[in-house]
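Heads up, the thing below is written out as C-alpha cells.
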Amino acid sequence: MHILVSEWLRTKRTAIRWLTFFMPFFVAVCAIIYITFRKGTTQEFIFEGFFTIWTAVIIPVGAGVLSGYIVYEEEMAGNFNGFLSSGISRTKLYLGKFLLLFFCSAICTFIAVCVLYIGINYVVFDSANIMIFLSAAVLAVTGTLPLLALHLWVSFARGMGASIGISFAGILMAVLFGTTNLGDNIWMFIPWAWPVKLGMLPGTHFIMNSGVISSSEIINNTTRTALVGLVVVVAALLLFLLLGILWFRKWENS
C-alpha cells in the first residue's frame, strides 16, 4: 500500500490523473447522450454496446497509453537515474508501477460504469440492474491485469511508442477474437480477448430472461467461459509479471 500511495503522489500535475478521472466520465456521458436520443433502447443494448466498446477499444488503448506514459514520465525525469537509484529494490519499483496501473485502470472502469448507471437509471429507465454492470466491471478489470503487466514490460524495454503500437494491434485482436465467432476456439490464447469475454459474461442475464436459449445451457457455457478465462488470466499475469521483474532486475538502462 505504501508503494502505491507513493506512486500515486508522483502523478500529481501529470496527464495520468486526467486519463484516470476525466476520460471515463467523458466516455460515459457520450454514451448517455447517445442512448437518450435513441428510440427503443433496452438495458441489454446498453450493456452490450458499452462493454463491447470499453473492453475491445478503450481497455487495449488505455493499457498501452497509460503504461507507456507512466514509464515515459520516469524517463523524462532523469533518464531513469533517479528512479533506479532511489534505494528501493527493483522488484518493489516494478511492482509499484504495476499497482499504479491496476489502480488507475480499476478506478477508470468503475467511474465509467457508475456514471453510465446513474445516467441510464435516471434518464432512460426507472431502475437498471446495478449488479450486472458492476459485475461486468470487476470481470473486465480482472481480464485487463495481464495486459497491464505485458505493456509495462514492453514500455520499459521498448518505450512508449512500442506500447501504444501494440495496443492498436490489440484492438483488432480484441474485436476479431473477443466479439465474433472467429475466436470461439482460440480466444483463451489472445490476451486482448480476455477483458471482452469476461466482461460480457454478466450480460447472459438478459439472454436467460429472453427465453431463447435454455437456462441450463447458458449457465454451463457461462461457467465454462468464466473458469477458462480466470485460469488463463491468473497464469498469464503471473508469467508476465515474473518475466518482467526478472528482466527489470538485470536491466542496464541502455
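Note that Cβ sites are derived from N, Cα and C of the backbone, with glycine treated the same way.
Bear in mind that TrEMBL entries carry predicted annotations, made automatically and left uncurated.
Annotated features, as they stand in TrEMBL:
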- 18-37: transmembrane segment (TRANSMEM)
- 49-72: transmembrane segment (TRANSMEM)
- 93-118: transmembrane segment (TRANSMEM)
- 130-154: transmembrane segment (TRANSMEM)
- 161-180: transmembrane segment (TRANSMEM)
- 186-207: transmembrane segment (TRANSMEM)
- 227-248: transmembrane segment (TRANSMEM)
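The recorded stretches the transmembrane segment (49-72) and the transmembrane segment (186-207) share 3+ CB pairs below 8 A when only pairs 6 or more apart in sequence are counted, and are therefore in contact. Residues 3-4, 6-8, 11, 16, 19-21, 23-25, 27-29, 31-32, 46, 50, 54, 59, 62-63, 66-67, 70-71, 83-84, 86, 128, 130, 133-134, 136-137, 140-141, 144-145, 148-149, 151-152, 241, 244-245, 248 of the same chain, all 6+ positions outside the transmembrane segment (93-118), place their C-beta atoms under 8 angstroms from a C-beta of that stretch. Looking at 130-154, 186-207, 227-248, the range that has the most CB pairs within less than 8 A of the transmembrane segment (161-180) turns out to be 186-207. Within the chain, the transmembrane segment (130-154) has long-range Cβ neighbours (under 8 A, six or more residues past its boundaries) at 43, 47, 51, 54-55, 59-60, 63-64, 66-68, 70-71, 94, 97-98, 101-102, 105-106, 109-110, 113, 116-117, 121, 162-163, 166-167, 170, 191-192, 194-203, 205, 226, 229-230, 233, 236-237, 240-241, 243-244, 247-248.
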